[in-house]
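Some features that TrEMBL has for this protein:
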DOMAIN    38-123  domain 'Copper amine oxidase N2-terminal'
DOMAIN    140-239  domain 'Copper amine oxidase N3-terminal'
DOMAIN    290-698  domain 'Copper amine oxidase catalytic'
ACT_SITE  Asp362  active site, proton acceptor
MOD_RES   Tyr450  2',4',5'-topaquinone
ACT_SITE  Tyr450  active site, schiff-base intermediate with substrate
Amino acid sequence: MGFSWILLLASLVTSTTSSKTREWAHHGSAMFADLTPQEMNGVRDYLYSCSELGLTSARDKSLKKNSILLMELHVPRKHEALRALDRGQAKPSRQARVVVQFGNQAVPNVTEYVVGPLPFPSSYQVKTFKRDRSIRFESRPISTVEYEHLNGVLEKVAAKANKILQESTGFTYGNCTNRCLTFSDIAPRGLAPGERRTWIMLQKFVEGYFIHPVGFEVLVNHKDLDHEKWMVEKVWYNGQYFDSVEELVEKYEKGTINKLKLPEHDEEDLFSTYIPRGRMNTRTDVHGAKLVEPQGRRFQVDRNFVEYAGWSFAYRVRSSAGLQIFDLRFNGERIAYEISLQEAIAFYSGDTPAAMQTKYIDAGWAMGTSDYELSPGIDCPEIAHFVDLYHYYDTDKPVRYRNALCIFEMTTALPLRRHFNSNFQGGYNFYGGLENHVLVIRTTSTVYNYDYIWDFVFYQNGVMESRVSATGYIHATFFTENGLNYGTRVYNYVLGNLHTHLIHYKVDLDIAGRDNSFETIDLKYVNFSNPWSPGHTIVQSKLHRKQHETERNAAFRFGKKFPKYLHFYNPNQNNKWGHKKGYRIQYNSHANSVLPRGWREENGISWSRYPLAVTRHKDNEVTSSSIYTQNDPWEPVVSFEEFIRNNENIVNQDLVAWVTVGFLHIPHSEDIPNTATPGNAVGFFLRPFNFFDEDPSLASRSTVIVRPDEKGLPKIQRWTPEVVGHCVSNKPFYYNGTYTGV
């Protein structure tokens, strides 16, 4: 009787603890929720009331102004957040991070502030960077107003060069009707800190204009805050450089240069459009397969708190960089405190000045704000839960992005696990299988021409996958013969330029607690005498473990041998079998470095040197990049290399894994009109490695077991409804299991 009471008491304690854990996770999730429109408006109104800041509208046509560029959540420090998440204590006050451009002063600068408490702010303080680095005004992201003034420069160029453009391309800039030119601007904007010089490439303004370059590029110096003083420093036309538009016009009129004449524009040539063409033998009078929820939804979403199949987490979409999840737990036990997108880059090569200058660093374009509406049935299944997002970037009021994030459960059409146990006599002993259902949280970033699809995927067996799929238009430039060294011809006069995509993630792991260690596991051959056959030897693989004790020792360079198993574990917690509870990171990537170490722009992306670097958690190492890196990669405000330079001990510490994935893309004709997602998805898995005592998906009731009864007929054991549902099948599950000759 006493033992029974002990078991009952233990059960009640476990149940109560589990309930509290869930309650605290739900309670704390609001700390990570993005700013609401009401909070954004409150912060704006408060800062506008602070006369010492002298703020005016972001859309004021002057560049000599003080205005808000960006507003987003300021995430609390980790130890403050954990008091709410792990003890149920009061949440820290919500605060906003606000980026202000001070152009209306003797020495213009950009300053970041932390403003709070929300929703009724009453104070602000300067947010600093490591070594108290200041933010150069020239490093600020480009604004809508600045684009309008750049357009004005191009109109002045066109007033002098439209005759050339008309004769060369059949299109003109500015003064046009249906045959107009548009432009793409290239970054970084210069060759050294403090510059703001941008190469601008003209394109036909037609559907899919990204792949319609016309062989005309100009270099505009727009550093001065008086846009009337902006000037064109270089012109590139049909493979030739000129110091001014006037020089081009003069030499063109004299006939002393190689003139360009594009083929007559064909309105019926659909190469850059989505309009179907060609033949396919698939029926068009019926829809393809679709996802359904035959008995209803199996996941729960409460604002930014999500629960599914043992998983729980909070999410947000950071305006500057994109999707993040916090407080990731499985069965109430935290796996990671934060998993978040940090940066995405695409570094190009080419023969035209625009191509050779293109090194896109996408946080500098506020890629988190380019999460436009997702279409049901294409971007996400029709059954998905869609969420509106709000951003405050280069605006005077919050902007709503409808259905910009989706959450859904899907089947992978592959078993999570299965086994057919043959009796080798034409029958079977048993069959067992489990459907592989996963939960997906998804958003996108359309950063100009490219579309990135960001997924976090949660499996029933404690595995989490982070994946990015690339699609959209290639970045194309005007074709030259030398350009074939840097890409592929994809149209009469169009070159698809080679480039490398790299994506950087922060993975703040808390495996069974904050105190974790890191080891790598490889294999080594061993050679020893055969104990059961004297005179022979055995050669086989043996586990070789290496403990990494310092940050520098745990920073793995591209081009060097990369360990097979990357194991993060809690040295103080064992599973049932005596193994340290752990998770490992498994890569799906074929990334490589994009520039030699220390070469100019590479300083701004020093994280790209490492497929993996492991550091100790620090509150002042929140992000590996910034919105300023794009326009000042030479002396970046945030330098990732400094995170590992002090080479701290990482044994039994709060660890952060910084993960780089990516791929080389050499464009090809099948990239027209768009790059397709198959083969262009990379990422990583977080996989339990002795964290559990057995596969936790055993808790799933979607398992089916079939055994033959005494008469040899199938006896089916299942824990879900026998009939899936009429929208899928109105027939009950059936299994035979025999195999015989015919």
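Every residue number used here counts from 1 along the chain in the order it is shown.
Cβ coordinates are placed from backbone N, Cα and C, and glycine is handled just like the others.
Sequence-distant neighbours of Asp362 (active site, proton acceptor) (same chain, six or more apart, CB under 8 Å from its CB) are Glu343, Ala344, Ile345, Ala346, Ser445, Val447, Gln630, listed in sequence order. The Cβ of Tyr450 (2',4',5'-topaquinone) has 25 other Cβ atoms within 10 Å, all protein chains considered. According to DSSP, the domain 'Copper amine oxidase N2-terminal' (38-123) comprises 25 helix, 27 strand, 34 coil.
Secondary structure of the domain 'Copper amine oxidase N3-terminal' (140-239), assigned with DSSP and counted as helix (H, G, I), strand (E, B) and coil, comes to 32 helix, 31 strand, 37 coil.
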